[in-house]
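J.: Before we start, here is the structure in question, set down as structure tokens.
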């Protein structure tokens, strides 16, 4: 696994280190990883089950939430089992094809979640600004088309990255100081010219996540403008309350990612283990906390969860 610096060799297997510099603490670090994964799987699976089996929850907001829960399960499963294998069994060996497959699902699912959060902001805008036309605008047919567009966009934008990576020669090193494969972390060990990869990565970021953030911000500016034009204080409070869960999820999803990006750009004195831990927080926190947030702040979901978990036992 020594670093090789000639283009005649291209590594086809890599070694993931986990949290570099904290190898002796991996067993303790695995505990929050494991607990977050179990919580994410149970919480999101329960959320999907309740929404799909309760006709009263087949409205647009809950169907979008069901999509978000499904994406959370995929995102967690794409990353946490690999990290636990490293922590528990030192199983950091990964082939190039498997590495590229993992990063494909991580990046595409992340973009899918961003798109779902955008349409959930659109859903809240329609519900508050056009309440009488809400169900006629957001029909099941339109929701299905929106869902298909979200996933086609995410897979379509990430698919070319597979071909860009497959053409590279990885001759610098096959040691990856991370718990999972990701595009930038893998491509920087190639010996080829990376201008195309860098520009395409920037295009994907700007045309998906950054665009989604801007449109979400615009949606909430329109929502706030509409809310403060309402004559009744109770109506304003009720309207804003319907957005509370979504706003919490937005902050939880984009907040750690923005903070992690800023530390990479400006926190050069921050150690690599902190960067890796921050990157993992971006993956671990949203899938674990999203169902909890919606379960606590959405009365109809909270009531159904109580019925499923407690009343049936009684």
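Glycine residues also receive a Cβ, built from the backbone N, Cα and C atoms like all the rest.
Owing to the predicted nature of the structure, the values given are computational and were not obtained by experimental measurement.
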J.: If you look at how TrEMBL annotates this chain, which of 27-50, 171-194 comes out as transmembrane segment?
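T.: My reading of TrEMBL: the transmembrane segment range is 27-50.
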J.: Need one number: mean pLDDT over the domain 'G-protein coupled receptors family 1 profile' (43-294).
T.: 91
J.: Determine which residues of the chain contact the transmembrane segment (274-294) at the Cβ level, with the cut-off under 8 Å and only residues 6 or more beyond its ends counted.
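T.: The answer is 19-20, 32-33, 36-37, 39-40, 43-44, 46-47, 65, 68-69, 72-73, 75-76, 79-80, 83, 106, 113, 177-180, 182, 245, 248-249, 252-253, 256-257, 259-260, 263-264, 301.
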J.: Given a Cβ distance threshold of under 8 angstroms, which distant residues of the chain, six or more beyond its ends, lie next to the transmembrane segment (103-122)?
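T.: Sequence-distant neighbours of the transmembrane segment (103-122): 61, 64-65, 67-68, 71-72, 74-75, 78-79, 146, 149-151, 153-155, 157-159, 161-162, 180-183, 186, 204, 208-209, 212-213, 215-216, 219-220, 246, 249-250, 253, 283, 286.
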J.: By a Cβ-Cβ criterion of under 8 Å, what residues six or more beyond either terminus of the transmembrane segment (240-262) are in contact with it?
T.: 68, 113-114, 117, 120-121, 124, 127-128, 209, 213, 216, 220, 223, 227, 275, 278-279, 281-282, 285-286, 289-290, 293-294, 297-298
